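Asker: Take this structure, written in structure tokens, and hold onto it; I'll ask about it next.
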């Protein structure tokens, strides 16, 4: 039967009309979001090569077993490095190409965890011997920290590294079941080497706490495990996600490694077993900070995918009452839908920008760290803790909102978001569980508060102290001048046309006031905290930081010579939407701290809802951005091959794409499934017999 | 290597200590939550039989392909009906046994969608011929409503059923690609028959809108599709969930069915083609209401599973600073954790109770409907719309919170929650997409408001009208007596010991006031609504309804002779926690409507946070419930076989369970994976060559 193509015609028309409506220059905005024409062209070139290479064909992956997905992943990696060599890719090319593989692969642990830690902390001798091998994947590494019974609390790790002065060796050992290294990416089947975190035990028996050691796991000749090492894959993940990564376990049975294999740039053991202290106790957090700053960028691009797919589908999907043209309405025209999708788009743009800012800050810190200067560590630690929580939480929530916005078809694997969600949702619990990180962010904020205002919170800091506040606690300046300073209370808050709701600086100040008052409140109640205060303070202080950065992004737009005036106007509105919806999501805080005034609080029901002004301003901003939605999603520059989504296809022909994909389902290979003879037929026959018996009884 | 068992000893100790701490009588509470000893014993007996039957063995399912999962599902069904027959199960036994299969299976569409619609609407002749066959699965049915291009808006379905008076037949036809039936559970490979929703076209060409028709799809001899019918499976779902259900597509090419196959109890076509009107236009919603009331119960039990697993794991998981006993703290002792988990437990208890209330209401309505009395339809429609949204949204959110509360191991498929989440999350978009249902709930609320207070919202209803308000809009009575009535404003809201925060009636009244004021606000602004008002009103009015029911549940506890006094005290606290956290989740509403007063609103930062009182009351209630957590989860009566979770095992020995499960991973069958020769080795060798070249260059 030849399917009738009427739907595709209308789908295509809806999409091309939406493209015509958009007023931004897609090329300019694309160059802007990719941080320059060159970066965009790099990606475009790589997509061109890879999307045509059969090794990177995505068809059929929905039906693969875990083992097949793992094998496919390594096939892709091998092919990619083949291309790297034959086409002479630079390091940046390979990084972009790796991202294009669109799977969680073991290599990411080598590149983002193993290699940076090794480079940062290995001795010159070790670097000399292994750095080139690592950079070229002549050995494949993993980073063994987490244990079966031990996660965030690194101090309680059980694996031991006992120094044996007689042979100048360390003995790595797993004394208990719970000391088994667990969750280690690439360990299960792939890695040949690894960095293991273990308690350093000195010859006298003194426990020096966790340190890092470089260890070979498998033979480079046969890939078999070395003696004393038990390693395997820990099994499938929730949502069948991360299937191509072999997260593994490892147990060590008195395994000896040479003394030189301790990563000893900042802490060493002398031949005789004497411990030489590191200059900064938290030096080893450097690697984790790098991973976290990378996670912000990643959250941005992942959110971007969800925005593109859901906005495209909502543009061509029609449902509801019919208009004069006989067509149902495009669902994106419903406020309940576009008010969910456009803020997601705004977060994608903001997080991509934030990730860039953070990477720059990390590079500066890493340079200073390598020369022993740890001054930026605390600031970046505070910032990345809160940001990691904020961005990962928001991005998984946005992905799921975007998926649900697609209604029934959002539950098809072919929508492409569910798969990405499954991979991404791990980020809320790895690299610092979000609730634990909240507490770190809060601790940093409280420390800054008391540094400024003393133990009793009542001291007055000097104005130079205030002027030198770092970005992470810049909002605390607001508490310094009380009572003279006054927050920007919106006296006519319920009025949506109040220009304040459309003024970024007002919204940013509100976010900063909220952060300041939350920290102030916590400082007063810290001995008897309620159960959610840490989360609220972490979110509040991080949103103040992000809000200020978004203000800078808006400022920078005007100075960007690549963007046309109209592009600047539209992007400013998108950033404004980010600020507006950030404030909206925390209305309880703003109201309880009197930052939003209720005009006539003594009479219930008499006053107008003071939150209505903001909500209407959001609704209006969304309506203004609506015709720009497809332009702004196109500017994110995803090809159909990258999105791999039947609902997010560039041409909008979603129903044909769904139909075509369904025909590939293996269950459809046979008209009568194998289960028929085995189960269905016996079940039907039994039922027919029973029904007949009933009928006879009736007679 | 023999794993060291120290962790299991401590795990077991922690769990048995927690059991000793609990003061409730697990048997009594179990009988209470199962609605009587008899129901609990029924389930216990079935678990005993099924958990030992190899057909229902769950081991290895994590690694099955979709086709294997589908075949396994049908094997389980066939075996279950075998047992039903041989052991003489009653209908209730089979219903419970089906739930125990712990998979989304095609049979649920037969039982919850196809059969009820058929029984409610088929003519006596059709009933006589097929009812017994359907009841015994002598034929297997599906319910074909949704189309590729058409979901909630049934009015726009494209499939046609044209009456042919000459042969007294209907011709079922799919005129377009988008008219393909889509997402139809059990259609893909299993169903032999179905009910299809199609536009009834009369001989004159008149379109009478959607009606239902009974149609045979496959031969009962060969299971092959009948002529003119194209059917297949629509492919995998997001999160690899619902894998054992063959959601399918169907296209009809001028397929003729006898006139008698129209489900004609409420609407008929005479032989000559004249249409005979149904007595009530919305009569066919009956089936959907049944499904929705069932979904509330299901949400309760699913939430219960998540609560049991996460609370058990948090009881034995230790992490953080070490106490004097040398052990890290049990993570459930952290407020940031138990304040997330105990409210989930409270929602499980409440939703299970709500589902029971609703099922009773549905049975009464169905009885009245069958005799043509439609008076209860509107009320139940309004109630189930809002409740379906509330319960499905909450249960999937709670499952995900519970999963994340388990940190890293929460991302292992072996935790058992992710799998259930994947199946359950479909419920937010099926059987009425939640955002669409919100609007229906709001429409019902607005209609009730204007019925009472007139078009201008200012009329005064009579006191008898007020007294006869149905439960769904009972809160509207509060608006009738203004200004004399006053909401229960907590003058000392920031004081946590204010007894009001622990008084259910105060909290319920607050929820009702919020609902009333939200509807009042919406009535004033309905011409220019903001984008989220429908959601807030739907949630607000439904929570007022649920709150009142929870008040009744607390009242009923005292009259329950099966419960001991202490059980009543503990369960009352659990219900109280539900009310407290329901209020907490909507603080922005309470603050903006002045239902929570800010004491000194004119001076920013001077007043205490007015939300702190409630938050501290929640924290205190959680602390009091904490020692009861394991008792209350045990009372939910899940066996290890049912939970199939390494982290939720009854004996608490989670690390051993995780270790044992990981050993089953197919990737672990070979020490060196197949990918080694194919991909890993070439990649390593290439890297080694490149590194060597670099080294030579250096020299």
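Heads up, the Cβ atoms here are built off N, Cα and C, so glycines get one too.
I grabbed these lines from TrEMBL:
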ACT_SITE  B:431  active site, proton acceptor
BINDING   B:146, B:185  FAD binding site
COMPBIAS  B:7-22  compositional bias 'Polar residues'
DOMAIN    B:503-684  domain 'Acyl-CoA oxidase C-terminal'
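Surface or core, plus neighbours and distances: that's what I need for these features.
Answerer: Taking the Cβ of residue B:431 (active site, proton acceptor) as centre and 10 Å as the limit, one finds 21 other Cβ atoms among all the protein chains shown.
Under DSSP, residue B:146 (FAD binding site) is assigned to coil, being neither helix nor strand in the three-state scheme.
Packing against the compositional bias 'Polar residues' (B:7-22) from elsewhere in the chain are residues 312, 315-316, 318, 327, 330, 627-632, 634, 650-656: each is 6 or more residues past its ends and has a CB under 8 Å from a CB in it.
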Asker: State the count of C-beta atoms found within 10 angstroms of the C-beta of residue B:185 (FAD binding site), not counting that atom itself.
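Answerer: That number is 26.
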Asker: Under 8 Å Cβ-Cβ from residue B:146 (FAD binding site), six or more apart in the same chain: what's there?
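Answerer: Non-local contacts for residue B:146 (FAD binding site): B:181, B:182, B:183, B:184.
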Asker: Within the compositional bias 'Polar residues' (B:7-22), count helix residues (DSSP H, G, I), strand residues (E, B) and coil residues, in that order.
Answerer: 15 helix, 0 strand, 1 coil
Asker: Run a quick check on B:146, B:185, B:431: which of these recorded positions have any Cβ-Cβ distance to chain A under 8 Å?
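Answerer: From B:146, B:185, B:431, the ones near chain A are B:146.
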Asker: Which of the three DSSP-derived classes (helix, strand, coil) applies to residue B:185 (FAD binding site)?
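Answerer: The residue in question, residue B:185 (FAD binding site), is coil (DSSP, three-state).
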Asker: Looking only at C-alpha atoms, tell me how far residue B:431 (active site, proton acceptor) is from residue B:185 (FAD binding site), rounded to the nearest Å.
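Answerer: That comes out at 12 Å between the alpha carbons.
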